[in-house]
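**Student:** My questions all concern the structure below.
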Amino acid sequence: MTSQEKVPFQVQLSLPQILSRRDWENPQITQYHRLEAHPPFHSWRDVESAQKDRPSPQQQTLNGLWSFSYFTQPEAVPEHWVRCDLAEAKPLPVPANWQLHGYDAPIYTNIQYPIPVNPPRVPDLNPTGCYSRDFTLEPSWLASGKTRIIFDGVSSAFYLWCNGQWVGYSQDSRLPAEFDLTPYLQAGSNRIAVLVLRWSDGSYLEDQDMWRMSGIFRDVKLLHKPEIHLRDIHIMTHLSPEFTSANLEVMAAVNIPSLQLNDPQVTGSYQLRVQLWLADKLVASLQQPLGTQAIDERGPYTDRTQLVLRIDQPLLWSAEQPTLYRAVVSLLNHQQELIEAEAYDVGFRQVAIHQGLLKINGKAVLIRGVNRHEHHPQTGQAIDEESLLQDILLMKQHNFNAVRCSHYPNHPLWYRLCDRYGLYVVDEANIETHGMQPMSRLSDDPSWFSAFSERVTRMVQRDRNHPCIIIWSLGNESGHGATHDALYRWIKTNDPTRPVQYEGGGANTLATDILCPMYARVDEDQPFPAVPKWSIKKWIGLPNESRPLILCEYAHAMGNSFGGFARYWQAFRQYPRLQGGFIWDWVDQSLTHHNDHGQPYWAYGGDFGDTPNDRQFCMNGLVFPDRSPHPSLYEAQCAQQFFQFSLLSTTPLVINITSEYLFRESDNEQLYWRIMLEGESVLEGSQPLNLSPESSQCYRLAEKLPTLNKPGQLWLNVEIRQPKETPWSPAQHRSAWHQWRLPQPLFSPSSDLTNATAHYAPQLQHNLQLQHNRQLQHDLQLQQDEQHIKVTYQQQCWQFSRQTGRLDQWWVADKPMLLRPLQDQFVRAPLDNDIGISEATHIDPNAWVERWKKAGMYQLQQRCLSLHVDHLSHSVQISAEYGYEFEQEPLLHSHWVYRFDRHGRMTIDVNVRIATSLPAPARIGMCCQLADISPTVEWLGLGPHENYPDRQLAAQYGHWSLPLEQMHTAYIFPSENGLRCNTHTLNYGRWTLTGDFHFGISRYSTQQLMVTSHQHLLEPEEGTWLNIDGFHMGVGGDDSWSPSVHIDDILTRETYQYQICWQYKV
């Protein structure tokens, strides 16, 4: 008897009897009466509908409002609930997580299990959701055939009843559970009841770094199949060595009653037909009866067949050119009449590891990947098509070509969209035991083998027809045990067309075809006990190691992070066996919550009263929860771009462009170039880009650099745009860019200016004399008393405090322009990377923030050591020395020289000396609180988005203008943000600053950022806070739990000097 023919127990068990077995605490019981896994079915009854992928009348959705009752434990559910709704039941949408609808609370933890660790036991207080709904069926469904119910995702375990009769049980939150309802259905109204448990023994295998939520969170539908029907379909493509021909191999199995399986008259009367379509063109077709060749001495399979179609000159599938065919598999009866048809998108592509390289269609691929959780700020883990498509389009637009389904099989629609739009996918089993000690405790326990096994094998059986899936993953962070080795072999036997990866046990066990470490660094070894992480350059050179290395996680993008990302891409392009990786991760996993006034905000761990929790560690995304970009997304886009540029010469001006596309011509690209002087274009042009895959071409842009009529920095900007829209991008989408600083040509005033100067020279001389006389009348004035030193020029007055030595006021027409004095600044509001794993209950002394705290950086006591004034012939100079100490230990010394001239300018030279005992400071700079609030900020420097010394590959030097509010990056957990580096001019209202500096400008002070837990709690302060840095430490980002700022980006010198010129335009 096949599994499809298993009938329910003849004696129906009562609800208390069923619950008393506590199946949810038995790892060897993962299901009762659940049907075998298979690819998604639609059961079309005509070929054209299957070929065109029309909605199938044989499917009926059960999404919508269900009746819902909540209990704190399953034993509290009244027995009569399985037959009728309870009086207190309320409507609840399906799909949804019940925690987002007022029941129970979501819990965020990373490693720690949210329940006491006592596998397979779970707490007696086990939140339980009771769902029910009524439905009616077409009479034809009841007259013949089989009706199934399919739950695409239920967390974490559930029991099912139909019309008061128990149907079955299932666990594994991320794979479909399918049951035959046929014996329980009746004419008219039918009632489905589902009891969902929050915790089960399966929860010990689902310890992923994510929100822990419950409920029916994916689609529910009914499917009607004929009595004799297609049971499984496996599609594979095999390409010739030259990729000029292919075999399409289809293995199809038919459900036939077991008593008829050995009757050749029965089995031989059914035929299977495969038709391959390219759009509306029939490319190939083959039909043959059921049955295979003899498998062993007992003979062949009689309920399945293998069909092989040869295709000449197939159009190949890749992420760059995702060409899809459509295979329609039809089951025919002895009269050649269609019984049913199933259809799948087919991509002809080959995945292989050859000579130490992962290759797609014979070409070594560079994985531009990202890890993605299924997450939406409003709906949690219930994701609709619009959200899925939004993620894919954003990934494609920002030069991603791969995604890892971290850490579980995704919604079935995700793979279809990846097939269609072109993304390589790592499909990962729903297994993580990170909170076990050791992690391999369960994977080495035979009693858990079946639970592990089903999560891998059922994933493969559901998803293996998708061309986008190029790698299978055995799960995440579960150590390494005998179970992994066994499942690795199972996959290699059942699907020899794809490699397998698994990071557990050190990323280099026999259970992985790919070295897939997480957070290994480019040049730095991390010799952890048992599982060392070598530098990626070193790893590929270890003895007897020939596998490709693809980081399964790297570049931890938590908050203001992602520093040093460009270093990885320099290594990837330098060493062929370093084939990229998957950034952690795509989206900030924050949930929409509401404060006491009903106002929404983005919440993280602990905001729902959830314990235990790991606070803001859920927010590691390249995009905010609403999918608006973090600045780090642009850095990824630029580093991963498919075109690389080099400047060959400046006279003539020639550049070289290399295409890193493996398969597509650059037939929709236009090259734009501009020569920029101080942010203004002086020469520009454009031309079509015609590059073959993996080719380079030189482009002659100009015969010589333009003659300049004013001094300044000269830059060459190039960018590539797509003139026409594509399925994933709008017209004029910018896909790549680069910038070079050009050598400075001689400054040659224009002839018009020269002639005008000669003609008007006498008048100019007279004007200059008048201007000099006016300057004498409005010379710099100096006033001193016991409390202040004042320097006055026309309507401006600079006031110094003799006590602090600071510029404590800048008067303009008797109006104060400073709310806080101009002073040194050496600290920043800690980044997540600065904090590391330090929390209130656990202090990591190695974290930057702890080192700064211990050294007293946040409690510095300032003293004015000296204050000198010199009134020179054309200026006033004030020299001040400041000492900073903690607990009477001198830590920093700064020497400021202020020069005031007769143009109303204040130029400050700052020299800072750092004690050798002090940890490297976060910044060397100054800050003040301006009284002004101007709507716009303009600057000449790197922009337009936020950038830091170790994250500025994507930023470009130019003249930028943004609204003030956009100068603050609204990270959900407030921290240092908004810096713009390598600035030469800053204009804010009437203020102008010049020099070579970094700056940040905002309505929020560093102090407020330091003490505020959430972005929505920040309160705009009076005026504007201006931070000017001569030097700023990098942000780091190789990971977020250990110091990861590279030594080149740490302020390790003992002395620093910078200069800033301030001016207020009266």
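These residue numbers are counts, starting from 1, taken along the chain as shown.
Even glycines carry a Cβ here, placed using N, Cα and C.
Features from Swiss-Prot:
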BINDING   Asn110, Asp209, Glu477, Glu553, Tyr554, Ala555, His556, Asn620, Trp1041  substrate binding site
BINDING   Asp209, Phe617, Asn620  Na(+) binding site
SITE      His373  site 'Transition state stabilizer'
SITE      His407  site 'Transition state stabilizer'
BINDING   Glu432, His434, Glu477  Mg(2+) 1 binding site
ACT_SITE  Glu477  active site, proton donor
ACT_SITE  Glu553  active site, nucleophile
BINDING   Asn613  Mg(2+) 2 binding site
**Student:** Identify, in sequence order, the residues in the chain of His407 (site 'Transition state stabilizer') that are 6 or more apart from it along the sequence and have a CB within less than 8 Å of its CB; answer 'none' if there are none.
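**Tutor:** Listed in sequence order: Gln208, Asp209, Glu428, Asn430, Ile431, Glu432, Gly475, Asn476, Glu477.
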**Student:** Out of Asn110, His434, Glu553, Tyr554, Asn620, the recorded positions in the record, which is closest to the residue listed as 'Mg(2+) 2 binding site' when you go by Cα distance?
**Tutor:** Asn110
**Student:** Test of understanding: give the count of other CB atoms lying within 10 angstroms of the CB of Trp1041 (substrate binding site).
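**Tutor:** Trp1041 (substrate binding site): 19 neighbouring Cβ atoms within 10 Å.
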**Student:** How far is it from Phe617 (Na(+) binding site) to Tyr554 (substrate binding site), counting Cα to Cα, in Å?
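**Tutor:** Per the Cα atoms, Phe617 (Na(+) binding site) and Tyr554 (substrate binding site) stand 15 Å apart.
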**Student:** Roughly how many Å separate the Cα of Tyr554 (substrate binding site) from that of Asn620 (Na(+) binding site), to the nearest whole number?
**Tutor:** 11
**Student:** Around the Na(+) site formed by Asp209, Phe617, Asn620, list the extra residues of the same chain whose Cβ is within 8 Å of the site's Cβ centroid.
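**Tutor:** Apart from Asp209, Phe617, Asn620, the close residues are Asn110, Met558, Trp584, Asp585, Gln589, Asp614, Cys618, Met619.
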**Student:** Measure from the Cβ of Asn110 (substrate binding site) and count the other Cβ atoms within 10 Å, all protein chains considered.
**Tutor:** 18
**Student:** Within 10 Å of the Cβ of His556 (substrate binding site), how many other Cβ atoms can you find? Include all protein chains, please.
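**Tutor:** Excluding its own Cβ, His556 (substrate binding site) sees 24 Cβ atoms within 10 Å.
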**Student:** Taking the Cβ of Glu553 (active site, nucleophile) as the centre, how many other Cβ atoms fall within a 10 Å radius?
**Tutor:** 25
**Student:** Cβ within 8 angstroms of the Cβ centroid of Glu432, His434, Glu477: which residues besides those meet this for the Mg(2+) 1 site?
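**Tutor:** Going along the sequence, the neighbours appear as Ile111, Asp207, Gln208, Asp209, His407, Thr433, Gly435, Met439, Gly475, Asn476, Ser478.
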**Student:** Largest pairwise Cα distance, Å, within the listed substrate binders Asn110, Asp209, Glu477, Glu553, Tyr554, Ala555, His556, Asn620, Trp1041?
**Tutor:** 18
**Student:** Tell me, in order along the sequence, which recorded positions from His373, His434, Asn620 have their CA within 10 Å of His556 (substrate binding site).
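**Tutor:** Candidates kept after distance check: Asn620.
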